[in-house]
Structure formats: structure tokens, C-alpha cells
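In Swiss-Prot this protein carries:
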type: BINDING; residues: N9, W10, K11, G176, S208, G229, G230; note: substrate binding site
type: ACT_SITE; residues: H101; note: active site, electrophile
type: ACT_SITE; residues: E170; note: active site, proton acceptor
Amino acid sequence: MKKLLIIGNWKMNKTYDEARDFINAFSNAYALNGAKISENIEYGIAPSFTNMSLFNKELLEKTNINLVAQNINENRSGAFTGEISAQMLKSINAKYVIVGHSERRQNYRETNKIVNQKAKAAIENGLIPIICVGESLEEYEAGKTKAVIKKQIKQSLEALDLSKIVVAYEPIWAIGTGKVATAEVAQQICKFIRSITSKDLIIQYGGSVSPSNIENLMKQEDIDGALVGGASLEVDSFFELITFNALK
């Protein structure tokens, strides 16, 4: 049975009190039903920076949840107002960090080169970067998906140790839209990514993943997990995601 990595990306959601309520509810759910989580499932949450302190070492150990960051700065330290370094994240027990999310690429003009620099900074500080790639609706409809993905992969993963990273395929047209690539389409692109990288690379799919479609997506040979947005904001739906393959 292959290992699966399921990460919830909260984006800019939840106040401190709301995040604390989620954690309390998740801890209770884990105490009652944690045994339903298969040993092949690794899972985590990427909260906002203001809520990361709630995911303390005791919680991480008690519930086996991983702390994930939504972004980092590529520099180690210095005069970079408002930024967070990989070293800082490592010091609070973060394990993964998302880099190159399409919202960062589009809204903050992050290039493949910047994504590559951030991934290198993560690896150098003992974090595992989850490097996002994906095409726009216009590129998808024009049949340019593979060309776009290939360029992103080549430049974003340049000189990286592929055994120390995760790649998340997130078609931009499926993020937060309710639209989802069919499992077959997602598999086709993830298989393509594997063909131009490594057979052992961990590849996630992201884009409107929900409890209703995760099982079919995770059945695909070249999909090794999910990067989840909205469905990770509620304890019930997140718990459904990480127990989708529990014995019925």
C-alpha cells in the first residue's frame, strides 16, 4: 500500500480563536477515531502564520499531525519586513512548506526562479518544500498543459534533490472553483510529471479536493496525496479526508 500525503491549506482563513476551536475539536475527534487513520496516511495543516504557535509539539506528538507553512522567504535573515525564514519555521517544528502556489505566482509575481530559491532555502534548513505547479484555464483549453508544466518543473526544480521535495499539481482553473480535474486527467498529468522527474517523487493533486472525490483520486497510480483547500477548514470534512480509506 503506497504512502499518501494529505495536506490542508487554510490560506488566509481562521482567527486565533477559530483555529484554537478547530484544534480542540480535531484533538477530540482523534481521541475517539484516530485509530481509523490508516498507517499509510501522513497528514498536516498549513495555518496562517499567526496560528502556527497553536500547533505545539505536544499536539503534533499526540495527534500525529504535521505543521506546514504556507510560504517562506528565500533569505536566511535580514531586512525583509513582513517575511518569515525557513530557519524560523524549523524552530517551531514545521515539517513542510508550500512554495510556488498559484496564488503566490499570480498575485505576488513569484517566478520559477524565486520558487526554486525558496525550495533550496527550505531544504537547507531541514524543511520539505511542496512545490506547486499548474496551468491556467486558457492554457488548458489551448492544449498547453504539458508544455507549461514542463517549464515550471524544469526551472522550479533546478538542481534540487528530488528525494527531499514534494510536487503538487494544482490546475489553476480547479482551485476554489468547485471544478475538479477528473481523476483520469489528474492521473495523466501526474504521470507526465513523474516521467520528467523521478519514479520515486511524491506527487500530490490539488484543486477542489473533497471527501466525495478523494477516494477516486487517491486510487490513481501516480497520485500520492492531496493538497486541500476549503475542505480542510472544518474538522468533520478534514477528518473524512484523512480517513477516506478506513475499513468500512
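For all residues, glycine too, the Cβ spot is worked out from N, Cα and C.
Shown here: features listed in Swiss-Prot, placed on the structure.
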residue : record                       : DSSP (3 states)
N9      : substrate binding site       : strand
H101    : active site, electrophile    : coil
E170    : active site, proton acceptor : coil
G176    : substrate binding site       : coil
S208    : substrate binding site       : coil
G229    : substrate binding site       : coil
Highest Cβ count within 10 Å among the binding-site residues N9, S208: which residue is it? N9
Out of these binding-site residues, G176, G230, which one has the fewest other C-beta atoms within 10 Å of its own C-beta? G176
Residues flanking the substrate site, with Cβ no more than 8 Å from the Cβ centroid of N9, W10, K11, G176, S208, G229, G230 and excluding those residues themselves: N13, I175, V228, A231, S232, L233
Candidate with sparsest Cβ neighbourhood (10 Å radius) among K11, H101, the listed recorded positions: K11
